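Lifted from TrEMBL, the feature list:
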TRANSMEM  7-28  transmembrane segment
DOMAIN    12-130  domain 'VanZ-like'
TRANSMEM  59-77  transmembrane segment
TRANSMEM  89-107  transmembrane segment
TRANSMEM  113-130  transmembrane segment
TRANSMEM  142-163  transmembrane segment
């Protein structure tokens, strides 16, 4: 139980940072936020085509950004079916897209929801694999790796803050 409380703390930290990245675009001031209100409901449509070619960079980045969400959801809800573990990932992704549209701080894109959901599913699969590999200590392994990543991320954010002073 103590490990899961720690995991919940990591999830909260992760969601705060993810919100800062997706909604606030790594900005420290509301004035610096872009004023964009686009909506794309066609998966893998115009929003990911650059110079007539599919740009997979943003799709991959979105998926990578949501892998930790899937990993942490599996730790917290391991006893629930995978579809229920995925529900918060999809819901948060949809919420981010809706917020971007409502506040005109980014393009609302169904491709992002798909990529984010894929990332969450990959994260859940990774966590399942780790749990099978080390049935006794898998939560400790995930929490240790997660806290290490959180420390590196915090150092990166601190450097970003110092560079923008």
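Going from the start of the chain as shown, residues are counted 1 onward.
Quick reminder: no glycine exception, Cβ is built from N, Cα and C everywhere.
Any TrEMBL annotation is an automated prediction that lacks curation.
The helix, strand and coil residue counts that DSSP assigns across the domain 'VanZ-like' (12-130) are 79 helix, 10 strand, 30 coil. For the transmembrane segment (7-28), same-chain residues at least 6 beyond its ends with a Cβ under 8 Å from one of its own Cβ atoms are 34, 65, 68-69, 72-73, 75-76, 92, 96, 99-100, 103, 105-106, 139, 142-143, 146-147, 150, 153, 157, 160-161, 164. The list of residues near the transmembrane segment (89-107) in space but at least 6 beyond its ends in sequence, with Cβ under 8 angstroms from a Cβ of it, reads 15, 19, 22-25, 33-40, 47, 66, 69-70, 73, 113, 116-117, 119-121, 123.
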